[in-house]
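*Asks:* Residues annotated as domain 'Tetrahydrofolate dehydrogenase/cyclohydrolase catalytic' in TrEMBL: 12-126. According to TrEMBL, the domain 'Tetrahydrofolate dehydrogenase/cyclohydrolase NAD(P)-binding' annotation covers 149-297. Taken from TrEMBL, the feature NADP(+) binding site applies to Gly175, Arg176, Gly177, Val243.
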Amino acid sequence: MTSTDSGRATILDGRAASAAIKAELTERVAALKAKGVTPGIATVLVGADPASQLYVGMKHKQSVAIGMNSIQKELPADATQEQVEALIDELNADPTCHGYIVQLPLPKHLDTDAILERIDPAKDADGLHPTNLGRLVLNVSGTIETPLPCTPRGVIELLVRNGYDLNGKHVVVVGRGVTIGRPMPLLLTRREINATVTITHTGTQDLSEHLRRADVIVAAAGVKHIVKPEDVKPGAAVLDVGVTREDDPNGGRSKVYGDVDPRVADVAGYISPNPGGVGPMTVALLMTNVVEAAEREAARA
Ligand SMILES: Nc1nc(=O)c2c([nH]1)NC[C@@H]1CN(c3ccc(C(=O)N[C@@H](CCC(=O)O)C(=O)O)cc3)C=[N+]21
C-alpha cells in the first residue's frame with residue numbers, strides 16, 4: 001500500500017501483491033517438489049494473435065520463475081475442432097500437467113463452449129469450467145475445494161492484502177461478463193467475505209446513481225473511462241479491470257485504456273492502477289489454482 005499526496009487515493013499495487021503471492025507460491029512449490037510432485041501448468045494457444053502471445057509468454061515466464069513446470073502448446077489458426085479437442089484430451093491425461101488454460105478468444109470457427117467444457121474440472125486453471133462455476137453457486141460457505149475464478153479472486157486478494165475489510169460493504173460491479181461480472185458476486189457474498197453486491201450492465205437505467213452509493217466499485221465493462229470522478233463517493237475503493245485497446249492511427253504501439261477515468265484518483269480512497277493492478281493478480285491466481293490442484297493431488301497420493 002502506497003500513500004500519495006493528500007487528497008489522492010491509496011494505490012492498490014497489483015505488482016506488489018502479486019509478488020507477495022508468488023513468494024508464497026515459491027515455498028509451496030518447493031514443498032511439493034520435496035514430496036516428488038512438480039506442479040505443472042500448461043497453456044493452449046490457437047493462432048498467433050500478438051496480444052495472446054504476450055499473455056501466454058508472461059504466464060510461462062512467471063510460472064518457471066516460481067519453480068513450476070510450464071508446458072506451452074500451440075496450434076495453427078486454422079486448427080480443427082477435433083485437433084483442439086485431441087489436445088485437451090492429451091492434457092487431461094498428462095500426469096505432469098496439474099492445471100491449464102485455453103487462451104481466449106479462440107478463432108471464430110471453433111466451438112469455444114464445447115472446448116472449455118471438455119477441460120477436466122480438476123485441471124481448470126481459470127476456474128471457469130461449468131462444473132466449477134456450479135460448485136461456486138452451491139458453495140456459500142467456501143469450504144468445498146475447487147478452482148476459483150482467477151480475476152474475481154484477484155480483485156478480492158488485492159483488497160484484502162491491502163488491509164481492506166469487505167465485510168458488510170456495498171460493492172457495485174459494472175459488467176456481466178463471464179470472466180468477472182457474473183462470478184464476482186458469487187465470491188463476494190461468501191460468508192468469509194460477506195459483502196453486499198449490486199451488478200450493473202448495459203440494461204441498467206441509471207448507472208451513476210448506483211455508483212455513487214458504492215463503497216467499492218469493480219469496473220469490468222470494457223468501456224473506456226466509464227467510471228467518472230463525479231460518480232464516485234469520496235473515499236470509495238475503485239478497481240479497474242477493463243481493457244480497451246486502441247490502435248495508434250500513425251502505426252505506433254497500441255494504447256490500453258481502463259474503465260476508470262484517471263481523475264477518479266482525486267476522489268477515491270483506494271484505486272487499482274491499470275496496468276499494474278488487477279492484471280498481475282490474474283496471473284498470480286492462475287498459478288495459485290494450479291499449485292492448489294497439485295497440492296490436492298499430493299494429499300491424495
Ligand atoms: N483462458 C484465459 N484466461 C485468462 O486469464 C485470459 C485469457 N484466456 N485471455 C486473455 C485475458 C487477458 N488476461 C490478462 C492477464 C494478465 C494481464 C496483465 O498482467 N497485464 C499487465 C500489463 C501487461 C502488458 O500489457 O504489458 C498489467 O495489467 O499490469 C493482462 C491480461 C488474461 N486473460
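Positions of Cβ are set from backbone N, Cα and C atoms, glycine also.
Unlike curated records, TrEMBL annotations are generated automatically.
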*Asks:* Which residue among the binding-site residues Gly175, Gly177 has the fewest other Cβ atoms within 10 Å of its Cβ, if you could check?
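*Replies:* Among the binding-site residues Gly175, Gly177, the lowest count of other Cβ atoms within 10 Å belongs to Gly177.
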*Asks:* According to DSSP, which kind of secondary structure is Gly177 (NADP(+) binding site) found in, if we only use helix, strand and coil?
*Replies:* coil
*Asks:* If you run through the domain 'Tetrahydrofolate dehydrogenase/cyclohydrolase catalytic' (12-126) with DSSP, how many residues end up as helix, strand and coil?
*Replies:* 60 helix, 19 strand, 36 coil
*Asks:* Please find, for Gly175, Arg176, Gly177, Val243 as listed binding NADP(+), the greatest distance between any two Cα atoms, in Å.
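*Replies:* Pairwise Cα check on Gly175, Arg176, Gly177, Val243 gives a maximum of 15 Å.
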